[in-house]
Amino acid sequence: HRMFLEPQEEKKSMKALLLKQAKKTCSCTPAKIKDCVLGFFPILQWLPKYKLGEYLLGDIMSGVIVGVLLVPQSIAYSLLAGLEPIYGLYTSFFACIIYCIFGTSRHISVGIFGVVCLMVGQVVDREVERAGYDLEPAVLSALPGPGGDGNSTGNGTAPQPLCDKSCYAMAVAATMTFISGVYQVAMGLFQVGFVSVYLSDSLLSGFVTGASFTVLTSQVKYLLGLDIPRSGGVGSFITTWINIFRNIHRTNICDLITSSLCFLVLIPSKELNERFKSKLKAPIPVELFVVVAATLASHFGKLRETYGSSISGHIPTGFLPPRPPDWALIPNVALDAIPIAIIGFAITVSLSEMFAKKHGYSVRANQEMYAIGFCNIIPSFFHCFTTSAALAKTLVKESTGCRTQVSGIVTSLVILLVLLVIAPLFYSLQKCVLAVITIVNLRGALRKFRDLPKMWHLSRVDTVIWGVTMAATALISTEIGLLVGVCFSMLCVIFRTQRPEAPLLGWVAESETYESLSAYKNLQTKPGVVVFRFEAPLYYINKECFKSTLYKQTGVNPVGVKAAEKKAAKRMLREKEVGSGDNQSSVPVDFGSGPVGFHTIVIDCCAVQFLDTAGIRTLKEVCKDYEDIGVHVLLAQCNPSVRSSLLRGEFFKEGEDHLLFHSVHQAVDFA
């Protein structure tokens, strides 16, 4: 029954492995160059194989529909990012084209994502305020930097700033977009896609829901037509609501009525689109109809002139000249770009893998990081802000017949048409309409509350992670909320291994199976043998838990038994000395512990994934302590990693009876 398995030859030294890997990496052959080019530009692989008759119609239909839906959303999300509407159209246009070149997913729609826009907007507002653009002109002229040069002209008038508020806001957003893209490409180069595994589904869901509350809060002032400063930093959610209630008496009735009417149209129509999506060939672009109707009503009703409604203003046609990011702003935004980059690539990679699995093809996570990185680096020179994949538009794209990345090129052509011809027509569009579009698109994230009972039933730990991440993201800030979620989920993993399940096992009659005595009835036990299972790795965090649980389950603490024996022996020695040679020494002595009740403990190690030095030392101590009171300890079902650790830790010594067994049944039979 002993495990006399002959190990494989020792692995090659680390130096030899590194040399082999370096030689393989640095080798340059025509075939390898071709593979690298085709791998880096996936469009060169799939475009020559494109089947016009089979794919084109579905790609055109899905591309047009997504493009039509993207136009009003791009304008609305620009408002969320604190930027002019035209920049949202630029962002959607460039992101769709660049992802077609570098991306490996056929279905995801890369563009503007509400949570990322919120995070960009918070940084933009902070930097604009820091530069002094929100101050009075007299104060602004005294500030150094883009908003003023710290000097005044000879006649006492303030000098003109080098860049107005809108221009500076775009410079901040473009610089942060560039840095986010650099981070994402660096993650691909160093193959650190494993970072996304720390962002579990429940954590990401909680983060998006919490950020959705912050997005909703930031848009309420537009619904009511209030002119209040945008709050940023820690506690912005609460601060914004305080400012709203303080100024609620200034509500613009015209904006409030317009917002209510848009809600009454958009919410039911969105619900109908979802309910009958299986019967509709394509979703009805209600948002576009609402934007057109609201623009016409605002223009002909002169809502700005008559009621003071806030409107989008001039949206130019064509493209602005390319402009590099403001390198001087990099120190200000480099830290803010880290969570934006992580969220962007995590959502993109998870959506890519989800739809690839659904449709039976594969994507490369590292290439997806390159793709989303270049979707940020290149557009940052063309007045764009940060992008990522978006679930809602991806679902629309898939449901309307998308087959390949050509759909993204069609979407870009639709947006190009708007940029070149239609954009100025949205001059009179009220900002409250854009706010309504943004809020209505949050329905999916806010609906997660309906899934809480089901989530609680499936996993209480995941539900708690969701709730903590959501609350921290909404009430503190998006960046801190993400950090809190990651740290809390890691702590949950640690706590679950710190105090794992550790039952005694019983034998299923007429089989070789052993199961938990506390979980199943009618299990049998072998006289004199106790079988114990520890359902976690054995390492420094839970070593004390392992010992205490083992002592509790077996009902015998060998250290206590040994101490009681020593105490009884000392008492007997004293009685001998006091007795002065009479017959008292022949009286039987109680050693304190009585019969142990078993002679062998079998530890089932099937759930012990690994051991560290503290775990090996703990096993040695347990074996020695039990052997001191006449109880043998046997190990069963150890995986190769655990066996290797035991050998390296000199757990087995010549002459000792520590034995390993393939199965619990073999160990019990031996005992």
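A Cβ is built for glycine as well, from the same backbone N, Cα and C atoms used for every other residue.
Keep in mind the model is a prediction, meaning the values are calculated, not measured.
Here is what TrEMBL says about this protein:
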TRANSMEM  55-80  transmembrane segment
TRANSMEM  86-102  transmembrane segment
TRANSMEM  167-190  transmembrane segment
TRANSMEM  329-349  transmembrane segment
TRANSMEM  370-392  transmembrane segment
TRANSMEM  412-442  transmembrane segment
TRANSMEM  463-491  transmembrane segment
DOMAIN    519-671  domain 'STAS'
(Q) Should anything in the same chain at least six residues away from the transmembrane segment (412-442) have a Cβ under 8 Å from its Cβ atoms, list it; otherwise answer none. (A) 63-64, 67-68, 70-77, 79-80, 85-86, 89-90, 92-94, 96-97, 114, 212, 215-216, 219-220, 222-223, 225, 255-256, 258-259, 262-263, 266-267, 270, 287, 290-291, 294-295, 298-299, 303-304, 309-319, 392
**Q.** Region pair the transmembrane segment (463-491) / the transmembrane segment (329-349), three or more CB pairs under 8 Å
**A.** yes
(Q) How about the transmembrane segment (370-392) with the transmembrane segment (167-190) - do they touch, taking at least 3 C-beta pairs under 8 Å (6 or more apart in sequence) as contact? (A) yes
Q.
Below 8 angstroms Cβ to Cβ, which residues of this chain, lying six or more residues outside the transmembrane segment (55-80), approach it?
A. 86-89, 91-92, 109, 111-112, 114, 117-118, 121, 215, 218-219, 222, 281-283, 285, 287-288, 290-291, 312, 315, 393, 396-398, 400-404, 406-415, 418, 426, 429, 431, 434-435, 437-438, 441
